[in-house]
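**Student:** Have a look at this one before I ask anything.
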Amino acid sequence: MSSKDPLRYFRVEARELVDVLSQGVLDLTQAGGAEPVARLLRAAHTLKGAARVVKQPEIADDAHALEEILMPYRDGTTPVPAGDISRLLALSDSMTARVDGLSAQPAPAAPAPSPPPPPPPAPETAAAAEAAVAAEPVGPAVGIGAPAWPAAMPPGAAEQPPAVTPGPAPAPAPSVAPAEQHVTVPPEGVSAPAQPVRGETSDVDELLEAVDEAHARFGPIRRQLAVVQRAHRAAAALADQLRVGRTGAVTHIDPVTGLGQGGGEPRYTDQAGAMASRLTAELGTLGRQLTETVEQVERELDDVRGRAERLRLVPVASVLTTLHRAVHDAATVHGRRVAFEGHGGELRLDPQVLSQTSGALQHVVRNAVAHGIEPAEERIAAGKPADGHVTVTVTHRGKFAAFECRDDGRGFDLAAVRRTAESRGLLVPGEPADSGTLMAMLMRGGISTAASVTGVSGRGIGLDAVRDVAEQLGGDVSIDTAPGEGTRLELVVPLSLVSLHGLIVEAGGLLASVPLDAVETCLRMTGEEVAAAASAEVITHDGRVIPFLPLTRALGGPAPAAKTAAVAVVVKAGADIVAVCVDRLLGTSVLIVRPLPELAPAGPVISGLSMDAEGNPRLVLDPHGLVAAGGRATGTHSGEPTPLAAAEDGAAEGRPILVVDDSLTTRMLEQSILESAGYQVDLAASGEEGLERARYRSYALFLVDVDMPGIDGFTFVELTRADPVLRETPAILVTSRSSPEDRRRGFDVGASAYVVKSEFDQEELLDYIKGLVGAA
């Protein structure tokens, strides 16, 4: 062990052992028997001994206390009661926190004298504990390449504090298995397969960076290969010029051997010709050898990178344990009887992906218990088993992993969702809304059907957290519910964020990469088509109107040159889409995505950096950021809203009109009408975006749709009337609602005009606008 970090191996071993203890205690809630208790005792005993060796007495004491609780149940005849389960979980949490804390504190420079040992246990209990561990002697703890003690300390010292004179060496520490694929207790006598200990992620990241640097060094070598090839061609041309034949015949020269046709020496005017021939052959051989060597080393480096990336991945089993615990805690709080099953624990994912996914799925399983699983008596009356079931299954789908969470509860109470949405003004009472609309509202968050807030649910947070994770990771989420039968949610995320395939593009002399999974198609455009699209800020493709975004403008540069041919890369992010205009395509490449440097400006369309073959940084574009930038098209062709302090003062005709509508077609139509009449126009795709724009820029008028998700038109007008800065800006509501009640509500909240889409008249709309802000 390195003297600089004596806790290095202990952290790895202890992390695995506390995971085993956490999962093992949860398994006791679903099945008893002697074997699950014996596994817990072995893991606790191993952790206790290792903790004492590296001077972590608090962890050792917790492990010892866990042993004491479990000893009366080691024969498997008596189930562990709920009170002891709670005590075991508390000790498991304590050890987990202490082990996690080891990464944040400096390791001791050298072993210090041990604190006094804890009081000895009762004689029969202590003896039984030693007997239970010694009953199944196996090899050292799983995967540890070196012992967890300093070299000067013998292994036998692991059984007691160093300050005590060591007695006879005990049996070796038992092998402890990590969580299995199926997290419920396996059949009697079946042990979980051992897994090798994983190195720390930082170590693997350093290895990946070293591989990248080695790859980068081949860039200059490849350029030098090109020089060798040019020299080879020049030497061959020189040999041809020196070759003679008085009758005009030319003797054939083999470029490899330098020999004449038939194997004889060619005829030259002098020795210079022969030297040129040999030079040609040698340069050809050198070029081929260098090329083969470089390609072979690059293949080997690619293989090393692939292996290192796989080493960096983390088994899903640890997340299944966390979800099992979340279900247990929620069931305890809500008084439910719930069994948890997890499948697919052997699948490995990027640790960042797994961390974000775990947090979102904890919300899901808590809500499944709080809102889905019925009380036992209610389930029995409905003909269901008294115990509810929550099942999480993880499957591999190409470059993605799918997390499916199922429960057999009552399903979503869509009537309660409707009532909550109506009470918050998200739905008009009596307005038709199908299950898809209601589920979409749940996905947006803030809606909870819980009667009260508890420590695990009831705050309206859950499905929106899953949606956010899917968007951040470039994944997808879907949900189905059946009243009385249960709910199924599926979250699909990439296996790894470290590497992905990208489309290399060039715009304004700048090279960037677009994740290939987000590219729907590429369209070649003439100069006239580019100019027309840049003016309208949309293109039409496959019957769809798609926002048009020049990449140079999205990155803060100028718009593309007029009358210049270009390529539109159609990028999708979830259900949204944008056509990104670039100068040309340069092919595809595997991207190793790295975060931006801390001091680098992080634009909304940039997700990170990758290195090209020569070690130069290249921007990696964010599909969600590109879609958002395309949806924020403005009449001033500015990628960012103008601060309010810089807004124009004076007459209304000097300020643009803000169109707020979630329908792209309507936005484009209204923009066309207004710009044709001479007005400047800014666009917003939602009420939330409209409010944000209104607070950064001064507008002459708001033209607002009513039926929008989130902040609707009524609420938008009401909020702007309550704002001392915005209240004087007139607002026109444009909607399909034509009832007298809706008209009255529109004027009550402060609208200056109310336009019904079915009665829409372009001249009438312009007359309204002229009356409010004057002619353009």
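Positions of Cβ are set from backbone N, Cα and C atoms, glycine also.
Model, not experiment: these values are computed from the prediction.
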**Student:** Using TrEMBL as the reference, determine which range in 30-64, 100-134, 415-449 is annotated region 'Disordered'.
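**Tutor:** TrEMBL lists region 'Disordered' for residues 100-134.
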**Student:** Pick from 287-314, 623-650: which range has coiled coil per TrEMBL?
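**Tutor:** When 287-314, 623-650 are checked in TrEMBL, coiled coil belongs to 287-314.
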**Student:** Within the domain 'Response regulatory' (656-772), count helix residues (DSSP H, G, I), strand residues (E, B) and coil residues, in that order.
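**Tutor:** Secondary-structure composition of the domain 'Response regulatory' (656-772): 55 helix, 22 strand, 40 coil.
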**Student:** Calculate the per-residue pLDDT averaged over the domain 'Response regulatory' (656-772) and state the result as an integer.
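**Tutor:** In the predicted model, the domain 'Response regulatory' (656-772) has a mean pLDDT of 86.
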